[in-house]
Amino acid sequence: MASRPQTLYEKIWDAHVVERRDDGTCLLYIDRHLVHEVTSPQAFEGLRVAGRRVRRPELTLAVPDHNLPTTPRLGADGRLLPIADRESAAQLEALRRNTAEFGIDYIDATAAEQGIVHVVGPELGFTLPGTTLVCGDSHTSAHGALGALAFGIGTSEVEHVLATQTLQLTRSKTMEIRVDGTLGYGVSAKDVILAIIGRIGAAGGTGYVVEYTGAVIRTLSIEGRLTIANMSIEGGARAGLIAPDETTFAYLKGRPMAPAGAEWDRAVDWWRTLPTDAGARYDRTVMLDATDIAPSLTWGTSPEDVVPITGVVPDPDSFADPAKRDAARKSLDYMGLAPGTRMQDVGVGHVFIGSCTNSRIEDLRAAASVANGRHVADGVRAMVVPGSGLVKRQAEAEGLDRIFVDAGFEWREPGCSMCLAMNPDKVPPGERCASTSNRNFVGRQGPGARTHLLSPAMAAAAAVTGRLADVRDLMGNDA
Ligand SMILES: CC(C)[C@H](C(=O)O)[C@@H](O)C(=O)O
Ligand code: SF4
C-alpha cells in the first residue's frame, strides 16, 4: 500500500514513538543526549535520591562549556587551572563527578575535543540524521541542521531522559520556511536567519517545528545550516530541521562517532528516505527570496528587531501594534539609540566572534578574510572564541589565529564566552557589542550591555572600523 506523503518531521517522529495516549501525548524514544554543566546537576541529584541508574549511558555525551573561562586554562603540569568563580567551579566539578559515577562519556575541560556542546555534537558525528537528540539547552535546535529532530529540554526532563531514554511530548505543527534564489555578495547564513526571524517574529514559530527548504538552504555548507537551525528557537520554534543530503553525508563520513563500514552504508540508505515526500503538507509555509536579503543586524533587544546594514534605527511610532511600539521605545532606551540614526553611524566598543551560532571554521575564515591586513580600531576590544578545541586547532593550522592576533583580536580558548556572560567574558554596563551570538536580550552579555547580532564577517568589519559597518565595503580589497 502506498503510504501518505510525509514530512521529514513526521517520519522521524513516527519512527520514535514508543507509546501513544488517547490525548495525543506520546512517549518518544531519545537516541542522543548531550549534557553540559549548567542544567545537569539537579538531574543527576534526582537520580541519586531516587536510587536510579542511567538507562543507556552510552547514548549520552557530556562536555563543559558555559562556565569555563576562555583564557589559557592549563597550568604548566597540563592540569586545569583553578576557576575563581565558586559556583562555576562547583558546577564543573559536579559534571566531572556525575559523569564518572553514572558511567557517561565525558569530554574534560582539558581535552582537545572540548567545546560548546552544539559545536561538539556535529563535529564528532554524535549528531546524526533521523535521530532524536535532546540537551538541557535551548539552542539544541542547531543539530536539526543535520536532519536530527533536536530540541532543548528542562532539567526535570534531563533527569527523565537519563533514567528512561524517553521523553513525553505532543506533536508540533509543521512550518516550511523556503528560501529561494541565491545569496548576494557578502550575505551569509546568519543574515538569512536574521531575515527569517525579522519576518516571522520572535514568537512566529511558536507551536511549530520548522523545516528549512529551498535552493539557498541546499547550497549552504553544514556550518551555515547549523547557524540557521541554531536560531530556530529565537523564532519561537520547537525545533528546526534541514533534510539530510549529499552535503550532510560528506560532512559526517569518517567523523569519530559516526557509523563506519557496512553500518555507514546502511545508515546512508535510511537517511536517503528521510526527506519530505513530494505532496506532503505543512501546516504553514513562509517564503523568502534570497535576493531581498542584505547583510543584516539587530537594533533592539529582541532577535526579531532586524534591519539591513544600509537601514536606520526605526521610529517606534512606525509600528502599528501598540505593544510593539512600547517594546521598541523600551528597546531603544536600553540600547541608547535614537530613531532615524543610520546603523552605519553607530560606534561599537566590543566585538565578539563566537558562540554556537557562529564559531565554526567557516565562520572564523569569513571573519579572518575581513581582518586580514587590517587592524582593530582604536578603543575597540575584539575577541575570537573558537567553538571547540578542534576548530581552534584547525584554525591555527590554517594560520587564522595569526591573522586575528596581528590585527589586534584576542584569540581565546573554546567555550560559550561572551554569548551569555556566565563566565569572566562580559560586556561592561552601557557598552555596545557587535556579536555573532544569537540573543540580544537585556543584560545578555552582562548587566546593561548592548548587543547587536550580526554575521562573523560583519563583526570583523565592525572591529576594524569601530562602528557597525557594511562588510561589502571592505570585501575584495585587502586593506
Ligand atoms: C544556560 C542554558 C540553559 C541556556 C539555554 O538554554 O539556552 C544558554 O545556553 C543560553 O543560550 O541561554
Ligand atoms: S554559546 Fe551561547 S547560545 Fe550557545 S549554548 Fe552557549 S550560551 Fe547558549
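Cβ atoms here come from the backbone N, Cα and C positions, even for glycine.
Keep in mind that TrEMBL annotations are predicted by a computer and have not been checked by a curator.
Residues or ranges marked as [4Fe-4S] cluster binding site by TrEMBL: CYS356, CYS416, CYS419. Listed in sequence order, the residues of the same chain lying 6 or more apart from CYS416 ([4Fe-4S] cluster binding site) and placing their CB within less than 8 Å of its CB are ASP65, HIS66, LEU68, ILE116, GLY354, SER355, CYS356, MET422, ASN423.
A simple way to gauge crowding: the CB of CYS419 ([4Fe-4S] cluster binding site) has 29 other CB atoms within 10 angstroms, across all the protein chains here. The 10 Å shell around the Cβ of CYS356 ([4Fe-4S] cluster binding site) contains 28 further Cβ atoms across the protein chains shown.
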